[in-house]
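K.L.:
What follows is a single structure, and I will ask about it in a moment.
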Amino acid sequence: MAIFDYPIFDEIRRMNKRQVAYQVLNFAMIVSSALMIWKGLMVVTGSESPIVVVLSGSMEPAFHRGDLLLLTHNREDPIRVGDITVFKIEGRDIPIVHRVIKVHETASGEIKFLTKGDHNQVDDRGLYAPGQYWLTDKDVVGRGTGFVPYVGMVTILMNDYPKLKYTVLGLLGLFVLIHRE
Amino acid sequence: MHSIWSRANSVFAFTLTAMSAVTFAVFLSTIWSQRVTDVTILATNPRVRVMPDYISESGRSDHAMVSLNIEADVSPIFNWNVKQLFMYLVAEYKTPKNTINQVVLWDKIVLRSERSVVIETNAAPKYYFIDDGQHLRGHENVTLYLKWNIIPNAGYLANAKAEGSYQVKFPSQYVSGRF
């Protein structure tokens, strides 16, 4: 147990049960606050994924890899041409952020639309599921309403280097547990 | 309070807070800025043909062509929080099959420069103007208007419609042969 002889762990050795419980409670408070903020955002924006990170360069030069998009999903407001929609193809998990270039709406309100990335030469029909030529409301995760550059780079780095993700999370957890303030 | 780690920690936390505050201020400062301006749109030589289309239920769809003339001076839209404008021309019309049809015919990315003026003369549409059905022949009321998506440096992604549209009337006969 030589590792616990370092001064950084003095705090733990001096703690009694009540202080340990306090630290754990502190940790739980931080985690649940983060969760509340996330779920609160989901309710306010109406989207199951209120913040997405742009993963590909298909919308350059507007959005680059690592930019952050705030999504809202207002089902009352119909999809119109020019909207930046985030959608998921049936059977695939990855959300795609592209622009709507064609909309056809019937009298009963059924909408079918076609998307294309700004930087792509062709529209997205090649990306849709086999036999699917149009997207509908149920494929939509949300519409891009807000934009913050670069901030999402952290998520991309953590996804590309999973070891980095575990190290950062591990270190964070450790520091919250052993730090008194 | 004097170790290198606590100093680095304070500096890092303060930098993050300051940058978030400035980003938010940049967003707030341009909420009410001008988004719309006047444009001139003219479409000449409208023609329609019918083409085989594997996507439609009937197997055939109307395909329309026009010659586009666009004049837009968007310099007043560029403020310090505008990264670029994504400008696109929309053809909107109503058919017996669909109450609303919107097709993007042409788009352009307008980057920041000394004076941003877009002038297109007799340009061909960038994208196929294909109807969902065969309702463009003889259509009297296809409206062309210009919209742009204002991409900010940080903040709200706005879609604005410019003042100035053009109504296209398509001939009642199909064109055959070369288009």
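Heads up, residue numbers simply count up from 1 along the chain you see.
Yeah, the Cβs are placed from backbone N, Cα and C, and that goes for glycine too.
These came from TrEMBL, pasted as-is:
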- A:38-102: domain 'Peptidase S24/S26A/S26B/S26C' (DOMAIN)
- A:20-38: transmembrane segment (TRANSMEM)
K.L.:
Counting by DSSP, what is the helix, strand and coil composition of the domain 'Peptidase S24/S26A/S26B/S26C' (A:38-102)?
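P.N.:
With helix first, then strand, then coil, the domain 'Peptidase S24/S26A/S26B/S26C' (A:38-102) has 8 helix, 19 strand, 38 coil.
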K.L.:
Looking only at the domain 'Peptidase S24/S26A/S26B/S26C' (A:38-102), report the model's average pLDDT.
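P.N.:
Taking every residue of the domain 'Peptidase S24/S26A/S26B/S26C' (A:38-102) together, the mean pLDDT is 89.
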